[in-house]
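S.K.: If you scroll down you'll find the structure; I have some questions about it.
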């Protein structure tokens with residue numbers, strides 16, 4: 001599963017903008 005780069009959350013989290021995913 002991809003993560004929200006720079007943030008301790010998953011890319012699926014509403015708080016993570018798609019552009020932050022890696």
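Placed from the backbone N, Cα and C atoms, the Cβ positions cover glycine too.
From Swiss-Prot, for reference:
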- 4-16: disulfide bond (DISULFID)
- 5-21: disulfide bond (DISULFID)
- 11-22: disulfide bond (DISULFID)
- 8: 4-hydroxyproline (MOD_RES)
- 18: 4-hydroxyproline (MOD_RES)
- 22: cysteine amide (MOD_RES)
S.K.: Cβ distance under 8 Å to residue 11 (disulfide bond), same chain, sequence separation 6 or more: which residues?
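M.R.: 1, 2, 3, 4, 18, 20, 21 - these are the non-local Cβ neighbours of residue 11 (disulfide bond), listed in sequence order.
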S.K.: Quick one: of 21, 22, which of the disulfide-bonded residues has the smallest count of other CB atoms within 10 A?
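M.R.: Looking at the disulfide-bonded residues 21, 22, the Cβ with the fewest others within 10 Å is that of 22.
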S.K.: Let's check the environment of residue 5 (disulfide bond): how many other CB atoms sit within 10 Å of its CB?
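M.R.: That number is 11.
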S.K.: Could you state the CA-to-CA distance between residue 22 (disulfide bond) and residue 5 (disulfide bond) to the nearest Å?
M.R.: 6
S.K.: When a 10 Å sphere is centred on the Cβ of residue 16 (disulfide bond), how many other Cβ atoms does it contain?
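M.R.: 18, counting other Cβ atoms within 10 Å of residue 16 (disulfide bond).
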